[in-house]
């Protein structure tokens, strides 16, 4: 409720201003008690010719006559000589007119003066009270040209390189920046110049902001943090003014670090878009370029910025002398994920059954923010279940929640639909388990999760991969189509549950043909040109650069890949129909089936054939290692 108090004060102040204006206008223009002016000759004529019209005459010692008629009319006449005109006073008295005397200044005058002074004083008090309230809220009403940067002083919530993991190369790159901030003379002695700007590039959540804070923490210098969107406002020129103010603050607190997060909000390529771009944003960018040229790196100011869209930044921003060093933060590998998990878990009570190495292997593709969220989700689950330590099952459930969404056990599914979902998921699992290049199955579940998923089959790669072979892609497409193949094999009809699988399989097959050159018929050619459309604000689009005949051949090749993979999936499930039925019954009973249990059952059922498959998978893994 405290946040609404300034709004109430503003409303009260506005109401008082309106009432005061109404009162003043009414007093000056509509006051019926205000006297009218009358000449002395008109008064003498009325006194002698129409004395019956006059009700009262008040003679003031300052020479003012106040004449009131019987009709309620009120007149004022300035006639200081009237006090000596005894004849007229006698005539009025004889005609029954009341004639009285009064002091020069009436008490009503002082009442009005005092009332106005009190009212104006109250308005001034309210005005200064509002100004004080606004000043307490960072004086936002009058300092919109000031920089919005948040300044962290040395020692305040200090972050160091010990709090950063999974980006060892980036840390090594930035250690020399720390040395420069601690001892600039060490570099100037040998004529070395530190980069004026350092651009941190990487996907969202990889720790760009954290790494910038760690550099400031290691160097123990002030840290200015501002978002690129904080520069541009409604008013023209505000962005450029804020840039100037930011660098003035930095110069006053040197040595320091200025960190601009999401710099693409203000540093986008100039002139992009219809109409030539955004003038205010470009003016802000121009001022930023000028400021980066204007300061001497020997002052100890290092400008750092972060973006996940380096392709749309203006070239002038990236030239030497501005952001002349790029530091790339990539998705962490299994070792990096393990170190990140250890950092986030070090202040939490972890049970003895938790294996951080296994969790790192099962979180392929997770970035630092995902892993922090994973640990926090596991802690929440442990607290919800009344445990004082976080167990491995909490982490497993947290992984499922992050990947597929929270379980929705309250959703009512008919027995027939539940059986269809079970066959669909087991179809995925069996096909993927029997393909030598598919990712191992980690878990099968028919518990609804997230928005629309009625079940899921979670496959996690055994290790990080940076290259994918053609056969691995084909096995992946075949595994995606295993669910639909099981539905058609068992129920002789298909459902809408495979829509997402078909979409992913088709897209993967099209990329194999058009992007990876993996079509035997069309050969190692790239079809479709990736361009940056200037009229789309430098957005990536894929332009068609081939004929209608080639387009037809591409569609035919995509159809061939998907159809052959689908037939292959049906062939596998037809051959292992018995195992499919047994696993479905087990899954319907338990609702969740772990990957290890699945492989154990298949090895028991298939014997030597499953052993040979394990050898094929191991051989594929050793080829990747080489």
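Even glycines carry a Cβ here, placed using N, Cα and C.
Annotated features, as they stand in Swiss-Prot:
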- 425: active site (ACT_SITE)
- 202, 203, 204, 205, 206, 207, 208, 209: ATP binding site (BINDING)
- 1-7: topological domain 'Cytoplasmic' (TOPO_DOM)
- 29-108: topological domain 'Periplasmic' (TOPO_DOM)
- 130-626: topological domain 'Cytoplasmic' (TOPO_DOM)
- 8-28: transmembrane segment (TRANSMEM)
- 109-129: transmembrane segment (TRANSMEM)
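Mapped onto this structure are the features recorded in Swiss-Prot.
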{"residue": "202", "record": "ATP binding site", "DSSP (3 states)": "coil"}
{"residue": "207", "record": "ATP binding site", "DSSP (3 states)": "coil"}
{"residue": "425", "record": "active site", "DSSP (3 states)": "helix"}
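Taking the Cβ of residue 204 (ATP binding site) as centre and 10 Å as the limit, one finds 11 other Cβ atoms among all the protein chains shown.
Summary: among the binding-site residues (206, 209), the fewest other C-beta atoms within 10 A of the C-beta are counted at 209. Between the CA atoms of residue 209 (ATP binding site) and residue 425 (active site) there is a gap of 40 Å, rounded to the nearest whole number. Residue pair residue 208 (ATP binding site) / residue 425 (active site) shows a Cα separation of 38 Å. Each of the binding-site residues 202, 203, 205, 207 was assessed for Cβ neighbours inside 10 Å, and the highest tally belongs to 207.
Between the alpha carbons (Cα) of residue 206 (ATP binding site) and residue 425 (active site) lies a span of roughly 32 Å.
Counting only the Cα atoms, the space from residue 203 (ATP binding site) to residue 425 (active site) is about 31 angstrom. The Cβ of residue 425 (active site) lies under 8 Å from the Cβ of 444, 445, 446, 455, 456, 457, 483, 587, each of which sits 6+ residues away along the same chain.
For the topological domain 'Cytoplasmic' (130-626), the model gives a mean pLDDT of 83.
Take the mean position of the Cβ atoms of 202, 203, 204, 205, 206, 207, 208, 209, the recorded ATP site; other residues of that chain with a Cβ within 8 Å of it are 200, 306, 308, 329, 367, 368, 369. A 10 Å cutoff on Cβ-Cβ distances gives residue 208 (ATP binding site) a total of 27 other Cβ atoms nearby, all chains included.
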